[in-house]
Amino acid sequence: MALQRVLLLLRLLLCCYGDEEVLLNTKLVTSDLQWSVYPGSDPQWDEVSVLDDEHNTVRTFEICTPNSATYHWLRTNWVPRKTGTTLYVEIRFTMMECSSLNQRQCKETFTVFSYESDLATPSRGPLGPSPPESFQKVATVAADFLLRRGGDGARRSNTRLLRLDGVKKAGLYLAIQSQGTCMALLSLKVFYRKCPPLTVAFATFPETVPHSLVQQAVGVCVENAVTPPGEHTTLPSMLCGEDGQWAGLPSSSCSCRPGYEADGDARCRACPAGHFKPSSGLGTCTSCPDFSGTQVPGSAYCLCRHGYLRADSDSPSAACSKPPSAPRSPVAQLNSSLSLSLEWGPPLDFGGRSDVWYRVLCERCHDDVCSPCEGSVLIGPSTTVTQTRVMVMGLRPRALYVFTVQSLNGVSALSQSQPSAVRVNVTTNTNVPGLVSGLRRTSASETSLTLEWAPPSLIQNPDQTKTASRVLDYQLRYCPKQGEGSMQWQYVSSRGHSVVLLGLRRSTQYLVQVRARAVTGFGPFCAETSVSTLPEGQSHLVLIAVLVTMAILLLVGGAMVAALCYRRRTQRRPTRDKSSFQMNQNMTLYIDPFTYEDPELAVRQFTREIDASCVKIEEVIGAGEFGEVCRGRLHVPGRPQNYVAIKTLKGGYTDKQRRDFLSEASIMGQFQHPNIIHLEGVITSSCPAMILTEYMENGALDSFLRVNDGQFTGIQLVGMLRGIAAGMKYLSDMSYVHRDLAARNILVNANLVCKVSDFGLSRFLTENSSDPTYTSSLGGKIPIRWTAPEAIAYRKFTSASDAWSYGIVMWEVMSYGERPYWDMSNQDVINAIEQDYRLPPPTDCPAALHWLMLDCWQKERANRPRFCDVVSGLDRLIRNPASLKNTDSAHSSQPLLDQRPIARLSSCSSVSDWLRAIKMERYEQSFFQNGLCTLEEVSVLTTEDLLRAGVTLAGHQKKILSSIQTLRSSDQSHAPTLLY
Ligand code: AMP
């Protein structure tokens, strides 16, 4: 660029010399000049023709009056000024030396005058004995060289250049006054200076006459050059100096327009055919991109060939492309209930683009007539996706669905033809119960409702037995009828066709719905029915209600006693809630600080008070519920200094907020485990109050994973999960239910050790918190995506609901911090879970880990793994890293929690033994109910048999079938005990 400017400057210096506009030049006049003289009698100015140095005849004037003091005037004719305002007068003359003439009156000077006039013929002559006032004196001129009488004969002439500034009128006269001189006026030239027309830097500047020291000239871009578009574009300009020379460099932003390239620095030439230049500027023409061309010279773009397109967002230099070919090999896999996963392969031909995505369309068909699926069918994460898989939920039973998967890219919308697509037909389970009908209120009191309904019509499929379609139970949901807004459904189950709802509000309308469940899953909910409780004062009805209540209580009590007895017989593991006080011998129970009458006492009991002078705050690292979270140093005398995280309580807090704030320390102070964040102490005796914990260099796990997407090995990820599970095992052993286990509440230190944190309860209680993760529900706030269904529905928070959340954390970790259920709304998540939809395995997730997630997301909370099971399962995985390689859950037969030796078929004495050995004892009862009582019967079991026996989870089916397979083959080959 700099070199270019230097070259330009050189060019200007060399070529742009000044120009003159000559107004009068006596040398060029061949006829009589006929200037005015005064006086008109001898001696006077005489016009004489002589030969000049080049032997041309020129007109001169001579006068010689050395002995007279009289003025002798010589006046030119009128000289037009044209556009000049600064005129130059060049006078060439010779003059005799006075001393050689020896005359007293003799002078060696003459004076030049000027007179401006708009008219070519002034009305009266300006000449007279003395200069008229209207004439301005220009200069008195003396000779440099004088001639001597009888000298050496050399004719030595003088040249003078006079300057007339600010000439305004249309022209002027010049007059020469001599007084006793003896001289000859050889020539007189009048001219002005001007800068010649110039083309430089793709701009043309016109001929410019300088009217001052420098004159700005405005130019225009040369042909096929333009200035950049925009409001502030300035026209090209250049300075013309008073000497008639262009000064400096042009300020020009002209450049060759699209389709044209520079030819030198002054011309633009058209791009040849087959070439293009997309924008104005210095660039050169290039050949057309792939699949495009142009026949026309000067093209700014190349047209796409037939069948190829260019998207609006594509640059003109991008190759033309076409829509992708169809997706390949679609596979729809129905889950046990009314949801399915739909997968396909990417198209063979991406159309020359990388921006391929897919659109999934759903139609429901009946008697060859198809219409778009109803709104209740959810396609997740969205109907348009970039990955090759979606989940579909909310399907109806016994229906034919046609799914069309289109592949699209950036030019599909421009194409005339339909996007390439594949179709897949899916018929939903014919065994799912149909709609329950006739839901109605049979009796009511002020606080209760008795409801009844008719069983669903079950379509009998010839290749299914009656058992498959038998209704196991009914699920009824109800909620007060309000205006707009999300409904907070409460759920109850019933084995019969009626239910009594208790503890309702007086004189309130409730919406109720009921659906039937068979071994194959739930049928659809029936339409909402509105029923109301009675107003106050209808005592006879209250009495009936009391009686019904008592009867129900007796029934429920009886059922509970029976269930407990049954559990004692069949289950070895106890369920562990806060109410359960069955403890390991060395374990202490967690104590809720809010059970203290004076919560300060709990703070004193469970935390260590630290002197504020031992703490140095260094930097703010986050925002907590109550104030800033900082990093600092703690230096307690006699102990090594260490980094700490400091949670502060911001000013203006209420007593209750202070109590809530410190309650987290009272809880944390009770824990001592390498995977639980360690409390260093608290500062309560000075302001602000602070909670000091160990410092975790890598901060919260969710953001840490997002920042390090794809950076860890499988073993590293499993190691993190193992740490979290170990911390949760410790908490559940202490009977502490976390209620907010999520990756955002796990902290990571420099060694990738994960520790469970966030023991504050306030988030669940603060109504005005704006964090959208927490949804208000009756009696508190709930992080819906992480929370087990029973905790959402009726606030049943247990270690088993923590296990559900742990499954979600596993998913977050394996997907490097992806948001669970992506952008589905909270209500959609609740609905999807209710319809047995579960998160699919994240990309590259080992199958064994997804199995474990699915176990954590069992609807029945008693069936979820305990944290001790999770820890030992993950330990096994870490010991056997090869098992992490299998990411195909469809073909994995090794669920994580069951990798233990089992007995051979012959060594199992009964079906119960066998089910216990493979940890499927939960199905014992339904096996017996469905006639699977002997090992012989079990050894020929099929998937249909399993469905009938209520084994609806695909994972459990696989586990049982592969066990039978292994047992069969081990029996045949007499192989030793196999590992699961
Ligand atoms: P919290 O109020 O516990 O949710 O903390 C808010 C944020 O502060 C967290 O998301 C972390 O980024 C950061 N933080 C909290 N405690 C620690 C700690 N012990 N070490 C490092 N960062 C922390």
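Each residue, glycine too, has its Cβ placed from N, Cα and C.
Between C98 and the candidates C64, C106, TrEMBL records the disulphide bond with C106. Cross-referencing C182, C195, C221 with TrEMBL gives C182 as the cysteine bonded to C64, criterion being a recorded disulfide.
In the record from TrEMBL, residues I621, G622, A623, G624, E625, F626, G627, E628, V629 bind ATP; the candidate from K647, K656 listed for the same site is K647. Once the Cα atoms of I621, G622, A623, G624, E625, F626, G627, E628, V629, K647, the listed binders of ATP, are compared pairwise, the greatest separation found is 14 Å. Of all the recorded positions given, namely C106, I621, A623, G627, V629, D740, those whose Cα is no farther than the 10 Å limit from the Cα of C64 (disulfide bond) are C106.
When the recorded positions C64, C98, C182, I621 are scored by other C-beta atoms within 10 Å, C182 scores highest. Across the structure, G627 (ATP binding site) and C98 (disulfide bond) place their CA atoms 108 angstrom apart. Per-residue pLDDT, averaged across the domain 'Eph LBD' (20-200), gives 88. Under the DSSP three-state reduction, C98 (disulfide bond) is assigned to helix. In the vicinity of ligand 1, defined as a Cβ distance under 6 Å, none of the recorded positions C98, C182, G627 are placed. For the recorded positions shown (E625, D740), fewest C-beta neighbours within 10 angstroms: E625.
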